[in-house]
Structures are given as structure tokens and as C-alpha cells.
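J.: Have a look at this one before I ask anything.
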């Protein structure tokens, strides 16, 4: 089992008298910046001058600088902008101003693991990846709690990088819940696999396939939507709360029997073979190369596939049905 580090085992000492720059002030950036500040760490927010993030950070009492200025003043730099934007920002606004003994931090390992960012050898490089959205990271911190996180050290020039990573995790409240040590390779590959095969790709493909099967068999699209999409949250919430066995205790015996006898016919050995193929594409770097190239040519496949799914019947039906559910606060 992985070693879990808790609040009492970790000190903020490694960040004492250091300046931490948070690059980005979106969902995660704002949460990290505010939590670190409230933990007594000196924080600079680095964003595009006079944009919405700049204005919001100022309104919330943060010290705000242009990225290139903040880099020169800081000891620790945390990248909390989208993965696709990081390499250009790093090359143009960070790399020219780096100095020995600084630390680069990331919340996801993609750009380091797939060499889109290659840091000079005189830096520490670490990762702290909260396992929850930014607003939750902030809200739980304010309540005296925390969101669990992963941490990793990629490059330890000062021989203090591990302490810096753990101190950072403590500063955002993660050690209150517990942090697990991993590697950039493990975090990146498992994160991509989970997104593609289960959490996003797998779930959405399963929902659409079930919906289409019922509609093609003559059932009303509205009923198919309820059975294949809307009720998904009920089951996922139970699994999230207590695991698969806990969920099964909360459903009918009929549902339970159908689950354990029919589920394996849907996700079978052929499905797992395809899962292993996708994992290999991630491990070999094939997916990363494909996604990087897709961005370089303007995302034609990405945009076309998104548009196709946005025009799917399930979206049209869902929009109508969600208007009947005011508690969902339907959004465009």
C-alpha cells in the first residue's frame, strides 16, 4: 500500500521565507493561491495583465504580477494554467528568467513526462495534484479540512525538493486529508487512462450506446434519457460514498442481479483488450503525439467530434428534460 502523509508529519518549514508564484488564477490557481496565503506563505499570482483573473486576484487581496516579473522574484513557480498553454508560456515567459535553486511545480505530469517542458538541471521539479476541483480545495480548507492529493519529485537539484512538495501540499490543505507519493510517469499515465477509458470516454460512450439501443428499439427518447443518463448520478454518488459493494446494498435485488450477471457481458475480455491497447498508446507516447499535433493544426478532429456529439439526440432530449428539474439549475 502507498505511504500516506498527514498534517502532523509534514512541516511548512521548507517554504518559510520563500515566495511562491501561482501561474494562473482559474479553478485550481485561485484555490492554491488563497490557501497558501492563508497558511502564511508569501504568494504572487502571475497572470495576463488587466484580464479578468488579474482583476479578481487584486480584489481578493493577492499580490499580482506579470509572469516574467514574478519569475524573477520567486523561489517556487506553480503552473496552474491548461496543459496546452504551458509549453508556450514556459518558453516565452519563464525559461529566460530562471535561476539556480528555484523549484517548478505542476498539478499534472503531462508536459514534463512527455518532454513538452524540459527544465534545466539546476532546478527542483515537483508535482502536487489535488484529487478534487479547485472550489472544493478552497471550501474544505476554509472549513479546516482538505482534499487528498498526489505528490511527486521529478528533479531534486537542491536535495530539498521533497520537503518543498510536501510543504506545498500542506499549505493548500491536502495533508489534512492525506497525500500519496507517486511519480510523474504514474500520475500522467493513470490520469489519462482513467479519463479515456472510464471517467469520460468510457462513461459517455456507454451512456450514448444504451440510449441509442433503447431509442432504436422504439422506446421514447425521454424515457431512455432517464434510464441511461439521468439516473447515473444516483449510482455514481453511492459508489463514491462507499464503494461498489455499498452501492449494491442500496439498490433492489433485481437491479443487483442484473448488475452482476449482465454487466460482465458488456465490459468483457474484448473490452479489456481494447483498454490495454489504449493504455499502450498512452505509455508509448502515441496519444500525446496525436494530441500535440491536433493542437498544432488547429484541432480539426477535436472540434468535429465535439460538434457531432453536441448535435446528438441525447443532448436535445436532455435540454428539454432538465428544464423540468429546477434543482439542477440548467446551464447552456
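A Cβ is built for glycine as well, from the same backbone N, Cα and C atoms used for every other residue.
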J.: Hey, Swiss-Prot has NADP(+) bound by 25, 26, 27, 28, 48, 53, 83, 84, 85, 86. Any idea which of 132, 134, 144 it lists too?
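T.: Only hit among 132, 134, 144 in Swiss-Prot's NADP(+) site, alongside 25, 26, 27, 28, 48, 53, 83, 84, 85, 86: 134.
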J.: Where residue 231 (Mg(2+) 2 binding site) and residue 252 (substrate binding site) are concerned, what is their Cα separation in Å, rounded?
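T.: One finds 14 Å between the Cα atoms of these residues.
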J.: Quick check: in three-state DSSP terms, what is residue 231 (Mg(2+) 2 binding site)?
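T.: Coil, per DSSP.
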